[in-house]
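Trainee: Just dropping this structure here.
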Amino acid sequence: MNKLSLFVYLFFFLSFLFLFLYLLQPFFNPIVWAIVFGIVLYPLYGFIKRKLKSENLAAFLVIFIVLVAIVIPFTIFAVITAQQIIVFSIKVVNFVQTHSVNDLINSLKEIPFLKEKRESLEPLLNYLQSEEFRRALINALNSILTFVGDRLRSYVYTAGTSLFHVFVFLLTLFFILRDGEKVLKEIINSIPMKREDLEEILKTIYRTVLAVIYGTVGTAVAQSIMGFIGYSLAGVEFALIWALITFFAAFVPPFGAAFVWVPMDIYLFTTKGIKEGLILLFFGTFLISTMDNIVRPLVMKQGIKLPYVALFFSTIGGLIKFGFIGVFLGPIILSTMLASVKIYRRRVIHSGI
């Protein structure tokens, strides 16, 4: 093939590949989630397929398990959380309408911890009682409540789209389980790269997905459950919302769930009492944060080893650029890049190829 023919071929191939990916762009999230779940659930699919001797039936049963064990419970949890957010918002509005800023400042002055520091905090307390702060507070509360209301309305309006994305996710997962091995072989045979190098990259992606799933997500779920129990026993209102916040905070290094429970514990000690503060301190120190120090290393030690700073930026960058799915995409991109650098050093620098 001469250079002109090669150029024409590559031009048409890359052009239509770009158009195809552009068509898939609206379904990016459900497709990526389907790939992630396909990687994790493929051993289960293989086990069921060997028992039933049917690819279609095995894939359908895995989809049914995902629907019953993950999709439906998550939907119920989302509805309950939305209800608690609405109740919380109503309580905030009622509190603002029935209490003045001066009432709030006077109640703060009665907190034992602040009584001792009253003289040094007097300028701050005077500012908090000023008309300037009152206007700023009202504007901030209006902005927050408007944002919450807009988000809830958008979720209601896009319920149909969300259901369609769930359908796309389940449909894609079905075909990934049933035909994924065949498609993967075709991709491997079509990429002009040494087979062992390509397999190393694919194994890196596989190990990264499993490490993130079992390590990070598993730890976050365990921490949010322990957090919900601790918040409930300590008398924290809207414990389910705080447990949900704890779940997402668990993905943020370096402190994870401690970003939530430590400030909450300080609040309990200074406002509720020593008993409530000690309850959450026990749960936070010995149960919530211990999950991060024990569960995650045990699960991820057989997976990937990434530089901590690089992992921090890849996770945060993934969250910012791709949303929650970025928790997976960030480390995958990082680990694949490092694997590619390793291959480059082995093939090009050391071998001179």
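Every residue, even glycine, has its Cβ placed from backbone N, Cα and C.
Here Swiss-Prot flags 4-24, 28-48, 60-80, 156-176, 209-229, 240-260, 268-288, 309-329 as transmembrane segment, drawing on sequence analysis.
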Trainee: Other than its close neighbours in sequence, what residues sit by the transmembrane segment (28-48), given a CB gap under 8 Å and a spacing of at least six beyond its ends?
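Mentor: Cβ under 8 Å, 6 or more out: 57-59, 61-62, 65-66, 165-166, 168-170, 172-173, 176-177, 180, 206, 209-210, 213, 323, 325, 328-329.
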Trainee: With contact taken as 3 or more Cβ pairs under 8 angstroms (pairs 6 or more apart in sequence), are the transmembrane segment (209-229) and the transmembrane segment (4-24) in contact?
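Mentor: Output no: the transmembrane segment (209-229) is apart from the transmembrane segment (4-24).
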Trainee: If you count every Cβ pair below 8 Å, which range out of 4-24, 60-80, 309-329 shares the most with the transmembrane segment (240-260)?
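Mentor: When the Cβ pairs under 8 Å are tallied, 309-329 comes out ahead.
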Trainee: Below 8 angstroms Cβ to Cβ, which residues of this chain, lying six or more residues outside the transmembrane segment (60-80), approach it?
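Mentor: Long-range Cβ neighbours of the transmembrane segment (60-80): 37, 41, 44-45, 48, 52, 166, 170, 173-174, 177, 240.
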